[in-house]
Amino acid sequence: MKKLLPLAVLAALSSVHVASAQAADVSAAVGATGQSGMTYRLGLSWDWDKSWWQTSTGRLTGYWDAGYTYWEGGDEGAGKHSLSFAPVFVYEFAGDSIKPFIEAGIGVAAFSGTRVGDQNLGSSLNFEDRIGAGLKFANGQSVGVRAIHYSNAGLKQPNDGIESYSLFYKIPI
């Protein structure tokens, strides 16, 4: 069953209908946890196609992000999977061919177990908090770094939480 989860995720992501007015992106990320484990993430995002506080310095925008992460490492919680969904706010600084940006978001994530790496999350359903920074190029591609924290916000004990620190690459589709 657990080996079928990545295939089910890819099938679900490929069957999502994206409105023609919204831009979609695919991302890949490789990261490490604070406990020496590795993470591998595939994501699909949809631009909100809205801007706020647009000035000569930059603008605030955002996107919806859906992701699948494979968690490797740890004695008791190796080989776990998670699905996540989050709204992400992005402040994009002004620029011609390269636009630096910072991002932050809070969403939800469902894990294939309560132990991930050497951490006990206490619950399979957790919150996802993220911050990141990167560069967006004129062709729509982006590269950056991201820190994501997962925990159940104290709704169930134990609540060790776990982090993923990653490098990502995003391309428009």
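One is the number of the first residue shown, and numbering goes on along the chain from there.
Just so you know, glycine gets a Cβ as well, placed from its N, Cα and C.
The annotation active site, charge relay system is assigned in Swiss-Prot to His149 (among others). Taking the Cβ of His149 (active site, charge relay system) as centre and 10 Å as the limit, one finds 16 other Cβ atoms among all the protein chains shown. In this structure, His149 (active site, charge relay system) is part of a beta strand by DSSP.
Swiss-Prot lists Ser151 (among others) with the feature active site, charge relay system. In this view, Ser151 (active site, charge relay system) is surrounded by 20 other Cβ atoms within 10 Å of its Cβ, with every protein chain counted.
The number of other Cβ atoms within 10 Å of the Cβ belonging to Glu163 (active site, charge relay system), over all protein chains shown, comes to 19. According to its DSSP assignment, Glu163 (active site, charge relay system) is in a strand. Under the heading active site, charge relay system, Swiss-Prot lists Glu163 (among others).
Summarising the annotation, Swiss-Prot assigns signal peptide to 1-23 and lists experimental evidence as the type of evidence.
Summarising the annotation, Swiss-Prot assigns site 'Critical for activity' to Asn152. Its Cβ placed at the centre, Asn152 (site 'Critical for activity') has 19 other Cβ atoms within 10 Å.
Over the topological domain 'Periplasmic' (25-28) the predicted model carries a mean pLDDT of 98. Residues or ranges marked as topological domain 'Periplasmic' by Swiss-Prot on the basis of experimental evidence: 25-28 (among others).
Annotation source Swiss-Prot lists topological domain 'Extracellular' at 50-56 (among others). As a summary of secondary structure, the topological domain 'Extracellular' (50-56) carries 0 helix, 1 strand, 6 coil according to DSSP.
Here Swiss-Prot flags 129-138 (among others) as topological domain 'Extracellular'. Here the topological domain 'Extracellular' (129-138) has Cβ contacts under 8 Å with residues 86, 88, 92, 96-107, 144-150, 168 of the same chain, all six or more residues outside its ends.
Sequence-distant contacts of the topological domain 'Periplasmic' (149-173), counting only residues of its own chain at least 6 positions beyond either end whose CB sits under 8 Å from a CB of the stretch, comprise 23-35, 39, 41, 43, 45, 69, 71, 82, 109, 111, 116-117, 119-123, 125-130, 132, 134, 139-143. The topological domain 'Periplasmic' annotation in Swiss-Prot covers 149-173 (among others) and is backed by experimental evidence.
Annotation comment: Swiss-Prot describes 29-32 (among others) as transmembrane segment, evidence class experimental evidence. Below 8 angstroms of C-beta separation, residues 38-41, 43, 146, 164-169 of the same chain, each at least six residues beyond the ends of the transmembrane segment (29-32), sit close to that stretch.
Residues or ranges marked as transmembrane segment in Swiss-Prot (evidence: experimental evidence): 34-49 (among others).
Under the heading transmembrane segment, Swiss-Prot lists 57-71 (among others), citing experimental evidence as support.
According to Swiss-Prot, the feature transmembrane segment maps to 74-89 (among others).
Annotation source Swiss-Prot lists transmembrane segment at 101-115 (among others), citing experimental evidence. Tertiary proximity for the transmembrane segment (101-115) is limited to same-chain residues at least six positions away from its ends with a CB under 8 Å from its CB atoms, namely 2, 5, 62, 65, 74, 76-77, 80-93, 121-136, 142, 144, 146, 150.
Annotation source Swiss-Prot lists transmembrane segment at 118-128 (among others), citing experimental evidence.
Look at Swiss-Prot and you will find 139-148 (among others) tagged as transmembrane segment. Sequence-remote contacts of a segment are chain residues at least 6 beyond its ends whose Cβ falls under 8 Å from one of its Cβ atoms, and for the transmembrane segment (139-148) they are 23, 25, 27, 29, 31, 101, 103, 128-133, 163-172.
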Outside the topological domain 'Periplasmic' (25-28), six or more residues from its ends: residues with CB under 8 Å to it: 41-47, 63, 67, 140, 142, 168-173
Glu163 (active site, charge relay system) and Ser151 (active site, charge relay system), Cα-Cα, nearest whole angstrom: 9
DSSP helix/strand/coil residue counts for the topological domain 'Periplasmic' (25-28): 0 helix, 4 strand, 0 coil
